[in-house]
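These notes are about the structure you will find just below.
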Amino acid sequence: QVAAASGHTVVLVDQSDEILKKSTKGIEESLKRVTKKKFADKPEAGAEFIKKTLKNLTTSTDAASVVHSTDLVIEAIVENLEVKNQLFKTLDKFAPEHTIFASNTSSLQITEMANATTRQDRFGGLHFFNPVPMMKLVEVIKTPMTSQKTFESLMDFSKAVGKSPVSCKDTPGFIVNRLLVPYMMEAVRLFERGDASKEDIDVAMKLGAGYPMGPFELLDYVGLDTSKYIIDGWHSLEPNNPLFAPSPLLNKLVEEKKLGKKTGEGFYKYK
């Protein structure tokens, strides 16, 4: 959406036409919300903006067939290294030499994905934040093999889609999640020990630290399965790091399929 809205030609690829229809509809709804604010007193200009943006967007279920005419591939599929590597390996065969590959992963190593291709120097991380149209930040990740030219292209692209890029080495969690995930896990441990209620912890961080959401609200928003997946991955990399220790309560909730907002219940219940 943000790439199409900033004048880039975008092909959105997913597994089925049904998913793509739903995605396109979602983008249309999102654009309507954006234009309500952006073009409050100019409805005609707003309608034109939506039309123009959607014109920049096409869809496909076959990544290999569309990659031959792209300058940049941004992967945002399931957080599973094997699945990602398989995709990059395939696309590497069909993409032109100049095409830059980037992953939107929040927790996996970019270097390991780059190694699945023959374009390690044209590979980096572009980590956007949810909801992408609202959030200004993009983390641009440079691996030891990423060329300066590729890095600059990724920084320029981030600015061209209206974001504020920050740069980080290929280290677990990059900047935001490296600080945020241990903070959320510490909140769970505080609650597990019975030191404070989850409601009071949330209120304390909102009113005391000025955070828009408390850690338990945030965990439910992110998804408890996603948070568990990240912490489990880091724990296997650094088993002796107390910040990365798994949480019995988080594991129990995930086991019970209480994954947060998306399932109607996590640390809190949702209607």
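Every residue gets a Cβ built from N, Cα and C, even glycine.
Feature list (source: TrEMBL):
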type: BINDING; residues: Ser30, Lys37, Ser106; note: CoA binding site
type: DOMAIN; residues: 1-171; note: domain '3-hydroxyacyl-CoA dehydrogenase NAD binding'
type: DOMAIN; residues: 173-270; note: domain '3-hydroxyacyl-CoA dehydrogenase C-terminal'
type: SITE; residues: His127; note: site 'Important for catalytic activity'
For Ser30 (CoA binding site), just count the other CB atoms lying within 10 A of its CB, please. 17
DSSP helix, strand and coil counts for the domain '3-hydroxyacyl-CoA dehydrogenase C-terminal' (173-270)? 64 helix, 3 strand, 31 coil
C-beta crowding around Lys37 (CoA binding site), within 10 angstroms: 8
Within 10 A of the CB of Ser106 (CoA binding site), the number of other CB atoms across every chain shown is 22
Between the Cα atoms of Ser30 (CoA binding site) and His127 (site 'Important for catalytic activity'), what distance do you get, rounded to the nearest Å? 20
